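Accompanying notes for the structure given below.
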């Protein structure tokens, strides 16, 4: 079903239905609130919330800590902070699978998005208070799953089938994601540094509230939802389909190798910057979270260069296969992590790392992300049987969840290991995954040619290509 009627009655804005700007604006405010909170979370947990005098006021922190330590053993404050961050991010990237299912099967997408935005708003405001902090993180994670699993699917309904504006609409939607990821660490980082942590979390709450109000107000411009289709009769997978799924499942553990390193950049990396980097520029103390904003803008700047590079290689018949690109991406990311290892100072050293080195790290690591993350989704979607592609996309998302859980556990080593050894370990993990991809590239390319089923690939949702920051 298309939304020709909705598009016809809707006044265009800059050549697109107003509904596009409602959806993109909602996503923008979601990203401002989410990435802003993520940029300061580990710093706040380790620097204040989990310290004596604050930890006693956090409701349910005792049972939460005991449950974690039953698995990990006793944890320092910093180790508990990184473990908590890892669990939180793991939930954020796992819940959209459940949220999409709820929107498809039980509630309407509009109601599910509204409920998700409401939960995220309550959650972000709850983060501003010590007592409700853990419940706030839970509300944000569940709300994100409800919202993100159902917001973008409404975009396609705004355009008639075959409308050339659809491609531009998705690009504009992606732009909102990157702009939000760029603005958020700057805003919340400054507020937290100069006015206090709670003001930073409060700003994230205001951002999500703005997104909720925009979505509720703008529903008049969205297309009607199509009627639910009756569940199709399940047909067993053929032998060829099972073979393809089996090979993709065998490759899946390597994806987690990349995401262990990437999620550590969202997590313990902030503590390393706090402890080791000279963040004063011309007498101005640069807030630590500002470095995370580089991960929001770098993909926008580097993607056209990457596409041009691959196009030139294709013209010469030298473009790497998808598994080879994924391997190259891992190795480039590992090179970035080696910059952190080389720059690290012994614990207690008065020497500080020049700011230019972490900036260089972000530029290098984002180049690796461009080779890996978008290509990974394209590989799984084009090689999987058509009727398993939704499950395969969910599997890719679960690699981020797994990576975050492992990186949270590894973050506990930061306080006891030399920083250089800590980052060398992560370089070995992502670099090892890269070497495995390169070794398997030929076999995977031969045994997993593009699935030829005459179907059209589903659009890759932004959360299926997790942003580097």
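Cβ coordinates come from backbone N, Cα and C, glycine included.
The domain 'Major facilitator superfamily (MFS) profile' annotation in TrEMBL covers 41-444. Computed over the domain 'Major facilitator superfamily (MFS) profile' (41-444), the whole-number mean pLDDT of the model equals 90.
Residues or ranges marked as transmembrane segment in TrEMBL: 85-103 (among others).
The transmembrane segment annotation in TrEMBL covers 133-151 (among others). For the transmembrane segment (133-151), same-chain residues at least 6 beyond its ends with a Cβ under 8 Å from one of its own Cβ atoms are 23, 26-27, 30, 34, 37, 49, 58-61, 64, 84, 88, 91-92, 94-103, 109, 112-113, 115-127, 461-463.
Annotation comment: TrEMBL describes 172-195 (among others) as transmembrane segment.
The transmembrane segment annotation in TrEMBL covers 201-218 (among others).
Beyond the ends of the transmembrane segment (247-269), by six or more residues, the same chain brings 38, 42, 82, 85-86, 89, 292, 295, 323, 329-330, 333-334, 337, 340, 365, 369, 372-373, 376, 380, 383-384, 392, 395-396, 399-400, 402-404, 406-408, 410-411, 414, 422, 426-427, 429-430, 432-434, 436-437, 440, 444, 447-448, 466, 468-469 to within a C-beta distance below 8 angstroms of the stretch. According to TrEMBL, the feature transmembrane segment maps to 247-269 (among others).
Distant neighbours of the transmembrane segment (289-310): 35, 38-40, 43, 175, 178-186, 188-190, 192, 265-266, 270, 273, 319, 325, 358-359, 362-363, 366-367, 369-371, 467-469; these residues of the same chain sit at least 6 beyond its ends, with a Cβ under 8 Å from one of its Cβ atoms. Sequence annotations record features per position, and here TrEMBL assigns transmembrane segment to 289-310 (among others).
TrEMBL lists 322-343 (among others) with the feature transmembrane segment.
Residues 248, 255, 258, 262, 265, 273, 277-279, 281, 286, 291, 294-295, 298-299, 302-303, 306, 322-323, 325-326, 328-337, 339-340, 343, 389, 392-393, 395-396, 460, 464-466, 468 of the same chain lie 6 or more positions beyond the ends of the transmembrane segment (355-380) yet place their CB under 8 Å from a CB of it. The transmembrane segment feature in TrEMBL is assigned to 355-380 (among others).
As annotated by TrEMBL, transmembrane segment applies to 392-410 (among others).
Among residues of the same chain six or more beyond the transmembrane segment (422-441), those with a C-beta under 8 A of the stretch's C-beta atoms are 251, 254-258, 260-262, 264, 268, 272, 320-321, 323-324, 326-331, 333-334, 337-338, 340-341, 344, 410, 413-414. The transmembrane segment annotation in TrEMBL covers 422-441 (among others).
Only sequence-distant pairs (6 or more apart) were considered; of these, fewer than three Cβ pairs between the transmembrane segment (201-218) and the transmembrane segment (322-343) are under 8 A, so the stretches are not in contact.
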